[in-house]
Amino acid sequence: MEAAVFVFSLLDCCALIFLSVYFIITLSDLECDYINARSCCSKLNKWVIPELVGHTTVTVLMLISLHWFIFLLNLPVATWNIYRFIMVPSGNMGVFDPTEIHNRGQLKSHMKEAMIKLGFHLLCFFMYLYSMILALIND
């Protein structure tokens, strides 16, 4: 059972890593004016909910399987994703809004957030891999 939890977490983490890289590439394309703000934001907003669901699922799975350290490590990022999704102002297109993405350095903050998430997911990937190997050895 424990090995299955970490196999699922590892696969989910791989998807979140690819999603973080996609966010970074799309935001850098906007920064270099390869795409316009509207198409960039519509592309990114499509993936906000799957990212939220993927990360929250792993966090809840770690809580249910009583892996407290990993749960507490994932909790702030999951909480931030939920907070960011809930606090979208009315009238905005989503978390990424084309009318505001160039204002007040939001593009830089979105880029920094995507880089931090990429680093976090890479750290989690190796933790899940190590835990999966331990679980397979112990079973």
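For all residues, glycine too, the Cβ spot is worked out from N, Cα and C.
Residues or ranges marked as transmembrane segment by TrEMBL: 5-25 (among others). Long-range contacts of the transmembrane segment (5-25) within the same chain, counting only residues at least 6 positions beyond its ends with a Cβ under 8 Å from a Cβ of the stretch, are 44, 47, 50-51, 54-55, 57-58, 61-62, 65, 67, 110-111, 114-115, 117-118, 121-122, 124-125, 128-129, 131-132, 135.
Outside the transmembrane segment (60-83) by six or more residues, the chain places 1-2, 5, 8-9, 51-52, 117, 120, 124, 127, 131 with a CB less than 8 A from a CB of the stretch. The transmembrane segment annotation in TrEMBL covers 60-83 (among others).
Per TrEMBL, transmembrane segment is recorded for 118-137 (among others).
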